[in-house]
Structures are given as structure tokens and as C-alpha cells.
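> Just dropping this structure here.
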Amino acid sequence: HHQHAHTPPHTPHTHTSDDETSPRDKAQVNSKGSGDFCVKNIKQAEFGRREIEIAEQDMSALISLRKRAQGEKPLAGAKIIGCTHITAQTAVLIETLAALGAQCRWTACNIYSTQNEVAAALSEAGVAVFAWKGESEDDFWWCIDRCVNMEGWQANMILDDGGDLTHWVYKKYPNVFKKIRGIVEESVTGVHRLYQLSKAGKLSVPAMNVNDSVTKQKFDNLYCCRESILDGLKRTTDVMFGGKQVVVCGYGEVGKGCCAALKALGAIVYVTEIDPICALQACMDGFRVVKLNEVIRQVDVIITCTGNKNVVTRDQLDRMKNGSIVCNMGHSNTEIDVASLRTPELTWERVRSQVDHVIWPDGKRVILLAEGRLLNLSCSTVPTFVLSITATTQALALIELYNAPEGRYKQDVYLLPKKMDEYVASLHLPTFDAHLTELSDEQAKYLGLNKNGPFKPNYYRYRALISQNGKDA
């Protein structure tokens with residue numbers, strides 16, 4: 001490949017000027033001569049390819065899905081616009097969708113989490129990617145717009161994480177929904193926005209809530225946060241957790257994972273909760289359930305994971321002790337009222353990437369991580385295996401909605417059929433060399449089940465400890 005043959009002469013080659021030029025102002029083309037993408041630097045594609053190949057090792061379920069469905073191409077004719085984190089792991093998902101026949105245009109759902117070299121590798125492979133690490137708010141919406149608004153190409157599926165892409169299409173291009181067969185949404189925040197649209201009678205296409213599918217719930221929200229919360233805090237602050245007083249706001253899946261990890265390191269953990277069922281679970285797991293104001297003056301760390309807004313207010317930040325740490329594990333950056341800290345009397349000091357000291361007039365410092373954005377993606381990595389579960393669920397949800405006969409799904413929000421959930425899980429068992437027992441005909445008849453599943457009724461909850469936030473899906 002003559003990779004440099006197409007490089008326009010004015011592309012800056014030196015590293016410094018390269019960093020100063022916004023990707024929006026650089027003309028770049030890939031080795032096939034296409035310029036339908038906007039990334040930091042297309043020349044990093046080879047590095048990104050290596051990272052994707054490493055991620056594939058840990059995402060064997062998606063690779064076996066490719067092998068199983070390669071022949072029938074269940075996404076042939078699908079035109080997917082996607083807005084997710086752009087990392088080596090999501091790249092494996094995007095390339096799986098392409099292998100199954102889809103055309104994809106992609107953008108980032110978070111201004112910090114994009115891996116530039118991976119975005120380059122995807123663009124080199126012919127996926128139109130509009131994303132780079134450290135976008136401005138304006139860049140963020142510009143990228144989404146470029147992803148949706150393409151001459152002579154119209155999407156028929158949406159894959160969203162957080163609901164921003166769906167929101168933009170509703171606001172700017174409502175006609176696109178005439179062609180859309182379905183939306184797949186993976187975050188609590190995005191699902192909440194979909195339910196609001198549905199309630200208001202404004203949801204004009206079926207949507208699949210993969211956040212609340214069992215496998216995604218347990219893995220992404222519980223097992224994943226159990227491993228990544230410490231990683232994010234250690235990398236940014238090197239804090240020691242033994243004996244530290246930590247308050248975790250929210251005891252849903254994410255909160256449960258965070259609490260379990262902190263408890264294991266000997267931290268003293270408090271929980272705040274609005275839901276009596278989740279609060280009772282926290283009590284049974286050995287945590288004190290308090291109101292934030294009761295402990296605000298004594299805690300060393302506050303972690304928010306509610307999906308709500310203004311969970312930690314300026315008034316509370318004012319009362320925190322010197323050197324305490326505040327961070328967010330929920331999807332949106334509204335949980336901590338960060339805007340209220342941008343006032344003249346407070347000094348912001350950037351200590352290192354993703355770590356700010358906010359200094360009060362009396363010299364008190366509060367350590368704010370990732371400006372209140374999602375900690376475990378901004379400041380650490382998430383185990384690939386966990387992302388494999390989520391990504392496989394997303395792929396199956398897209399296949400299900402895209403191929404569903406007319407009328408199976410109305411203009412509403414649906415959960416992934418349990419059969420599909422079980423399929424996602426079964427694709428991941430080989431990793432552990434786990435062997436499933438099969439029911440005999442007699443046993444299946446006795447239980448009133450089909451031998452091949454689904455094995456549980458829809459209301460079954462998989463482990464009493466974790467109800468889905470006490471609400472029936």
C-alpha cells in the first residue's frame with residue numbers, strides 16, 4: 001500500500017503541529033483514497049490494527065458469531081449509524097457487524113474515551129469514523145452530524161450508547177426515522193431517554209434496551225465495575241483504601257460492584273439510596289445506608305453511580321474535608337454538580353491528565369476526577385471479556401430488530417428475548433472450558449421446558465442479591 005501517495009502536501013508531519021491542528025481542519029485519505037472519515041491521524045492505523053487483533057483474542061464470542069453467521073449474512077443491507085465508545089473492543093463489534101453484511105458509520109459517545117489509533121484502523125478498513133480523543137463539545141455534535149448526514153446514504157439502524165445520537169436525529173433529521181427499523185441502546189441514561197420518548201408518544205420506531213438484558217446487567221454493570229473502580233482511582237490518585245471512609249451513591253448494579261471491591265480492600269463503605277429494596281440489599285450486604293449530609297464532613301471519597309443529576313451539590317462539596325476525592329461511575333456527567341465549581345472564588349489546578357484539584361479560598365482542596373465524567377472509561381480500562389458480553393448482546397439485538405417480521409415489534413422499548421440472552425452466555429462458556437449439562441427428554445417434560453431453552457420464565461431474576469433496581473423490566 002502506498003500509504004503516503006495520497007497524503008496532501010500540507011498535512012503537518014511534525015508531532016507538535018500535528019497535535020495543534022484540529023482533525024476537522026486536516027485533509028486525510030486512507031490507502032484506498034477515501035476521505036470519508038475524520039480521525040486524529042490516519043497514519044496510526046497499523047498500531048490500531050494490532051490493538052484490535054489483541055482484543056479479538058478476548059472476544060472469542062464475537063469471532064464465533066462471525067463464523068456461524070458468515071454464510072447467511074444476517075445484516076446484509078443494514079446501514080448502521082453507531083455512537084459508542086471507540087476502543088479496540090468496540091472495533092471488534094463494528095467489524096463483526098461489517099462481516100455480517102452491514103455498512104457502518106460511527107462516532108464517539110464520549111469526548112475522552114476514543115483510542116485515536118483504533119479510530120484510524122477502522123477508517124483505514126473502510127468504516128466512516130468521526131472521532132478523536134479530547135473533542136470539544138462543538139466537535140462532539142459536529143462528528144455526530146457528519147456520521148448521520150451523508151449524501152446518498154441513509155441509515156436504517158441505530159446503535160446508541162447514552163442516547164445522544166438518537167436525540168440528534170430526532171432534533172435535526174426526523175425524516176431518517178421513516179427508514180429506521182430499530183434503535184439498540186446500551187446505557188441506563190439512553191434507555192431512560194427512550195422510555196421518556198415512548199411515554200410522550202414520540203418514539204416512532206421499535207427500540208431494544210440491551211442495558212437491562214441479564215448478561216449485560218451482571219457483567220457490564222456489576223462484575224465490570226467491581227474490577228474497574230479501583231483501577232480508575234489508583235491510576236489517578238494512588239490512594240490507599242484500607243480504613244478509608246467511602247460513600248457510594250446508588251446501590252444498583254454499578255454501586256453493588258463498587259461497594260464489593262472497596263469492602264474487600266478494607267474501606268469503610270457507606271451507601272446512599274432512594275429505593276427501599278436496594279437500600280435493604282445494601283444493609284444485608286453489610287453497608288451502612290445513610291443520607292449524604294450525615295457523612296459528608298468525614299468521608300475521604302465520594303463515588304456517584306445513580307444515573308441521576310445533582311447527586312452531589314455545591315453546598316455538599318463546600319463541606320467536604322481537605323484532600324477528599326470526588327468521582328462518578330454513572331454514564332452522564334450530571335451526577336456531580338461540576339458547573340457550580342467553575343466560579344471565580346475557586347481555583348482549578350490540573351495536576352495530571354483527568355485529575356483536577358479544586359481549591360477553596362481557605363486552601364482546602366477537593367480532588368475531582370475526569371471532570372465528573374465516567375471514571376472507569378476516562379481513567380482506566382475495562383476488562384475486554386466484559387465488553388465482549390455487551391458487544392455480543394448488541395450484535396444480536398441489531399440482528400433481531402433488523403430481521404424481525406413486520407409487526408413483531410411496535411413503536412416501543414423492548415428487552416432482548418431471553419433466548420438471545422442465553423445464546424450470548426453460551427457463546428462465552430468456552431472461554432472458561434465450562435460444560436453445560438443437557439436435560440433428558442423426561443426431565444425437560446417434567447419441568448415443562450424446551451430442551452434448548454429458554455430455561456427461565458421472563459420474571460426470573462438470577463440471584464436474589466441483585467434485583468434489577470427493584471423494578472420489573
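Counting begins at 1 with the first residue displayed.
Placed from the backbone N, Cα and C atoms, the Cβ positions cover glycine too.
These numbers come from a predicted model, not from an experiment.
Below are the features I grabbed from TrEMBL:
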type	residues	note
REGION	1-35	region 'Disordered'
COMPBIAS	15-27	compositional bias 'Basic and acidic residues'
BINDING	Thr87, Asp161, Glu186, Lys216, Asp220	substrate binding site
DOMAIN	221-382	domain 'S-adenosyl-L-homocysteine hydrolase NAD binding'
BINDING	Gly252, Glu253, Val254, Gly255, Lys256, Gly257, Glu273, Asn376	NAD(+) binding site
> I'd like to confirm something. Which of the binding-site residues, Thr87, Glu186, Lys216, has a Cα closest to the Cα of Gly257 (NAD(+) binding site)?
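When the Cα distances are compared, Lys216 comes out closest.
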> For Lys256 (NAD(+) binding site), list the number of other Cβ atoms lying within 10 Å of its Cβ atom.
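Excluding its own Cβ, Lys256 (NAD(+) binding site) sees 27 Cβ atoms within 10 Å.
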> Measuring Cα to Cα, how many Å separate Glu253 (NAD(+) binding site) from Lys216 (substrate binding site)?
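Glu253 (NAD(+) binding site) and Lys216 (substrate binding site) have their Cα atoms 10 Å apart.
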> Quick check: of the binding-site residues listed here (Gly252, Val254, Gly255, Lys256, Glu273), which one has the Cα closest to that of Thr87 (substrate binding site)?
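In terms of Cα distance, Thr87 (substrate binding site) lies closest to Val254.
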> Within the domain 'S-adenosyl-L-homocysteine hydrolase NAD binding' (221-382) only, compute the mean pLDDT.
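Mean pLDDT, the domain 'S-adenosyl-L-homocysteine hydrolase NAD binding' (221-382): 91.
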> Would you please pick out, from the binding-site residues Gly252, Gly255, Gly257, the one with the fewest other Cβ atoms within 10 Å of its Cβ?
Gly252
> Of the binding-site residues listed here (Asp161, Glu186, Lys216), which is spatially closest to Lys256 (NAD(+) binding site) when Cα positions are compared?
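Given the candidates Asp161, Glu186, Lys216, the nearest one is Lys216.
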> For Lys216 (substrate binding site), what residues in its own chain, 6 or more apart in sequence, show a Cβ-Cβ distance under 8 Å?
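Once residues fewer than 6 apart are set aside, Lys216 (substrate binding site) is near Glu186, Val210, Ile389, Thr390, Thr393.
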> Can you tell me how far the Cα of Gly252 (NAD(+) binding site) sits from the Cα of Asp161 (substrate binding site), in Å?
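If we compare the Cα positions of Gly252 (NAD(+) binding site) and Asp161 (substrate binding site), the gap is 19 Å.
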> Under 8 Å Cβ-Cβ from Asp161 (substrate binding site), six or more apart in the same chain: what's there?
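Listed in sequence order: Cys83, Thr84, His85, Cys109, Glu185, Glu186, Ser187, Gly190.
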